[in-house]
C-alpha cells in the first residue's frame, strides 16, 4: 500500500499501545496481538505486517535503555571503579543468559512458528503459565537473591534457559524469565529487572533478524507506519515499566496469573465457539 491513510496510522498507534503494555507485563504480547489482529488488520502485505509487529519492539527496547540508563552504563562518570566493574558484570550476565534462546531462536525460529503459532497453542500457554504464576506466589518462599549484584553467572544462565520457553507463542518472554528467576530464588524486583535487561539483546536481535530477512525495500508510508508504531510503543513502555516496577514492590504476580487464565479462555472461546 503506497497511499497515505490516517486509518492505517491509527491502527499503528493502537498496535504500538498494545505492544508497549503487553511486552513488559507477564501476560503475553503475542496473545494480545492475535486478538487485536482479528479486529484491527493493517492493510499491508503479510510480510510487512510480520516485520512491523517485530520491529516496533525497537521502541520498547529504547524505553528500557532510557529508564535504566545509569544502571546499564559502565562509562557513567558518577560511578566509581567498583560500580563500573559491577555494571560490566551485569552485561556479562545478560549476554550469558541470552545465549540459549538466541541459539535456539536462530536455528529453529521458522519451525517453531510453523508448529506453534496458532490460537490453540497461545491459549493453552496463557492458561498453563497463569496457573504456574499463581502457584508460584502461593509458595510464599523468602527470596535468596534480593539485589542484582547477587545474581551469579550460573544463575544467569539458568534464568536464560527459562527464556527459551518464551519461543512458544503465548508463554510471554517476561513471564517465562520472571517465573524462572523467582523459582531460582530471586526477589520479584530482581526477576523483573533481569527480564527487562534480557529483553535488550533478545529483542534487538529478533528485530534486526526480521529486518534483514524482509530487506529494507519499504515504501515511504511503510517506513512512516514503522516509525509511528515504534514511537508509540516507546512512550507507552516508559509508563508501563515505571508502573510495573513500583507495583511489584508492594504486590505479587497473582493478578497477572488470573488475567492470563481469563484471556486464555477468551481466546479459546472466540476461535472455537464464536
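Cβ from N, Cα, C; glycine included.
Listed in Swiss-Prot:
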TRANSMEM  7-27  transmembrane segment
TRANSMEM  48-68  transmembrane segment
TRANSMEM  88-108  transmembrane segment
TRANSMEM  115-135  transmembrane segment
TRANSMEM  151-171  transmembrane segment
TRANSMEM  189-209  transmembrane segment
TRANSMEM  221-241  transmembrane segment
TRANSMEM  253-273  transmembrane segment
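Among the listed stretches 7-27, 88-108, 115-135, 151-171, the one sharing the most Cβ pairs under 8 Å with the transmembrane segment (189-209) is 88-108.
For the transmembrane segment (253-273), the residues of the chain that approach it from at least six positions outside its boundaries are 25-28, 31-32, 34-35, 38, 119-120, 122-127, 129-134, 136-138, 170, 172, 175, 178, 182, 188, judged by C-beta separation under 8 angstroms. Stretch with the most C-beta contacts under 8 angstroms to the transmembrane segment (88-108), considering only 7-27, 48-68, 151-171: 151-171.
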